[in-house]
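Take a look at the structure set out below.
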Amino acid sequence: MWQEYAIILIRGIGLGSVYALIAMSFNIVKVSSGILNFAQGNMFVLGGMLAYAAVALFGQPSFIVWLLLIPVAAIIIAVVLLIQGYLTLLPLSYSDDQQSWLITTMAVSIIIGAVLLLVQGPNALMVRSIFPNVPLFGMRVPAPFLLAIGLAVFWYVVLQWFLSKTLTGLAISALWQDPVAGRAAGLKVRRLQLLAFGLSGLIIGSTGFVAAPIITIASDSAVAYVLNGFVALVIGGVASNTGALIAGPLVGVAAMLATFKIGGEFQGLVSMLILVGILLIRPEGIFGSTAARRV
Amino acid sequence: MARSYNRANIFNWSRRALLGAVAIGALGISGPLLAQSNEPIKLGLLISHTGGDAISGLNGKAGVTLAVDEINKAGGILGRQVEIVAADDQSDPTAAVNEARRLSSQEKVDLVFGPQSSQRTLAVLPVFTDAKIPQISTSGSLEITPQKGPYNFSVQANADAQGYHMAHYVTDVLKAKTAAILTDNGAQALSGVPYIKKYLEEGGATVTGVQEFPFRSEDKTAQLLSLKSGNPDSLVIWANTPEDLGVLMNNLADIGWDDVPLSGPNATVMQAASAAKIADPNQFDKVAGVAYVGWTYCPGDDMTKNPFVEFKERLKAANPSNYDSLLPTISGYAYDGIMVMKAAMEATGGTDPEEIKTWIENNADKVATVSGPMKASAESHFLAGREVLTPILNPLDVNEQGLFKRADCK
C-alpha cells in the first residue's frame, strides 16, 4: 500500500513541479513590471512543440543532443517572449499606471493559440520520451516527471542566485519594491523589464521542452496550465520563488491524493479549496509578503 | 355614345385592373414558391472548428462536405442545391447556443448538422426545438430524448447501446466476474456508467470501483491505482480522446497492470491508432472496442462492394492532402446523417420538420448508409442502436482495407 502512496507522491511532485516552473516564470515578469503574462501558457505549449519538432528532425535524439537542444528551445522561446515583452511594455512608456498589459498579454495568448490551431490543426501532438521509464517501488515513473523536479530545483537555484547575488538581479528585485525609486536611482527600467521577459522565456521554454512527453501539446491546452501555474503562484505567494517551488508540488500531490482516496471528480476541486483556504488564512500566500503603502 | 364608350372603357379598365390584380396576386403567392424552389437548402454546420473537440469537427466537416458535394453534383435535393453555413461552437456549450441562435434566427437554416458532443447538443436543443429545425447531431448522452429534442436525431450510438456491448464483452466473452469502470468526465461517458453497471450486474459481474478523469489530463495513475486496489478481472474504460487513451495505456503499464483486459466504447476503436503513437501498440491486443458493423469484417466476407471501404476511397479523393489526419469512422457517420436527412426531405417533398421527423422515425432503415443499418423510432432518435454495433478485439488489427475484425467471427 505504501508503494502506491509513494508513486502518487513522486508523480504529484513531478506534475506540480511543472506548475511551479510556470509560477516562477510568472514571478520574474511580475517582479520587474507588475505584469502577469497570460501568454505564458502558450509559451509553455510552444516549448513542447519544439520538443516535437526536435523529434521530427532528429528522430529520437541522443541524450547529448537532447541536452543541447534544451537551451536552444529555451532561447527560441526567450526571443519570442522578448518580442512579446517589447510589445506589452510599449504602451506603458506613456504611463506606468495603466492596465493595457491585461489586453496585450491575453491578445498574444489568443493569437498564439489561433496560429497553433492553423499550423498544427486540432490534434494534440504527442512526444515520446527519449529516456526509459525509471523503476520505483515495483512500478515505474516516466523520466520527464523526475526531470521536471530537477528542472524546478535548477531554475529555483538560478533565480535565487541571480536575484540576490548579481547587480542586474538586485536591480530587478528593486523594481518590485519601488519602480519609481528605481528609475530615480538611474536604473534602466525598460531594459530590466525586457530582460525579465527573456528570462521567463528561458524558464518556460525549457520546461515545455523537458515536460513535453507528459503534457498535452495542443492549441487549447494552455489555459489549464496557466490556471494551475496561477494557483501555485497565489498559494505560494506572488513574487516568491520559494513559495512557487513548494506550492506547485503541493497542488499536484493534493490533487492526486484526492483522486486516489475520494475520486477523480474531486481532482480540480481540491486545488481550488487549497487556494481558497490559503487566501482566507494568508491572503498574501504562504511565502508572500505584505508591504505598507503610503497613501 | 360617349357615355357608353366610357362605360365600356371603364369596364375594360376595371377588367384589366382586376386581371392585373389577380396576376400580381398570383405572382405574389407563387413568388416565394418559385424563389423557394430555386433557393439553396441551407445546412447549418454547427461543429467545433476550434477548442478541445476540434478533432471531431475536422472529421465531421469532412463527412458532411463530401455528402453535400455528392448531393449537389447529383442535382441537389428536390432540385435545390445544398449550401453549408459554417458555425463554430468553439467546443463550448455557451458558444454553441450563440451560434445556434445565429443559425436559426439570422441565417434561417433549413437543417443543422451538429453539435458533436452531448454537452453542446443538450445546450442547443431548446433553440432548434423552438425554431423547429431538423438536426443531426453526433451525441450519445441518454439525456437527449425525443421529448427534449423532437427534431434532433443522432448518428452516434448512445451510451446505453455502447454500454450494453462493453459490458457484454466483459461478461460473455471474457467471462469476468469482476470489473472496474474508468471514464472521462464527459456527459456521454458519465451517462453510460449506470448502464454499464446494470449490464455487468445482469451478466453476473460485480463492479469493484468507478473512477473518472478530466479530458486530456496528464496522469491517470491515481485513478488506476485506486481501481486496481479492488482487484478486478477486467477494466471498462471510456476515453474519448486519443491522448487520454494513450496516457491511460501508458499509466497501466507504469503501475504494472497492463495485463488487465480492457473493454472500451466506440471512441476506443476510432482513437486507438492515434493513441498508439505514445503507447505501446502491443498493449492493444487486450483492448476491445465497440464498432459500427459497417467498419468491420470477418474472414471470408465479400469485400468487393463494401460501402465503408468505398466511402473511404471517396473521402481520400476529396481530401488528398489531409486524409491521413482524418478519422473516416467519424466522417462516415456524419455522412450517413446527411444522407438520412436527404432521404427524408426527398420523401416528404420539402423541409417540413414534422414530416421529416415522422419519416425518419419510420423509415431510417431504408436509407443506404456506410456505417451500418440505421434505425429510429418515436421513442428513440438514436439512429445507431445496439443492432448496428458489434464488439471488436484489438482496434489496431485492421485488414488491408482498414476494416476491424469482429470479435464474434467464427
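Keep in mind that glycine also has a Cβ here, set from the backbone N, Cα and C atoms.
Non-local neighbours of the transmembrane segment (A:6-29) in the same chain are 35-37, 40-41, 43-44, 85, 136-137, 139, 141, 144-146, 148-149, 151-152, 155-156, 159, 172, 193, 196-197, 199-201, 203-204, 207, 211, 214-215, 225-226, 228-233, 236, 238-241, 243-257, 260; each lies 6+ residues outside the stretch with a CB under 8 Å from one of its CB atoms. What TrEMBL lists as transmembrane segment is A:6-29 (among others).
What TrEMBL lists as transmembrane segment is A:41-58 (among others).
Listed by sequence, the residues of this chain that lie at least six past the ends of the transmembrane segment (A:64-89) yet keep a Cβ under 8 A from its Cβ atoms are 29, 33, 35, 37, 39, 43, 46-47, 50-51, 54, 58, 100-101, 104-105, 108, 130, 190, 193-194, 196-206, 208-210. Annotation source TrEMBL lists transmembrane segment at A:64-89 (among others).
If you look up TrEMBL, you'll see A:101-121 (among others) marked as transmembrane segment.
The transmembrane segment annotation in TrEMBL covers A:141-163 (among others). Among residues of the same chain six or more beyond the transmembrane segment (A:141-163), those with a C-beta under 8 A of the stretch's C-beta atoms are 7, 10-11, 13-15, 17-18, 20-21, 24, 27-28, 31, 129, 131-134, 169-170, 172-173, 199, 203, 206-207, 210-214, 241-242, 244-245, 248.
If you look at the transmembrane segment (A:194-218), the same-chain residues 6 or more away from its ends with a CB under 8 A from one of its CBs are 14-15, 18, 21-22, 24-26, 28-29, 31-33, 37, 40, 43-52, 54, 69-71, 73-82, 84-86, 88-89, 116, 120, 122-129, 142, 144-145, 147-148, 151, 155, 159, 162, 168, 172, 224-225. The transmembrane segment feature in TrEMBL is assigned to A:194-218 (among others).
The transmembrane segment annotation in TrEMBL covers A:230-257 (among others).
Here TrEMBL flags A:269-292 (among others) as transmembrane segment. Sequence-distant contacts of the transmembrane segment (A:269-292) (same chain, at least 6 residues past either end, Cβ-Cβ under 8 Å): 177, 228, 231, 233-240, 242-243, 246-247, 250-251, 254-255, 257-258.
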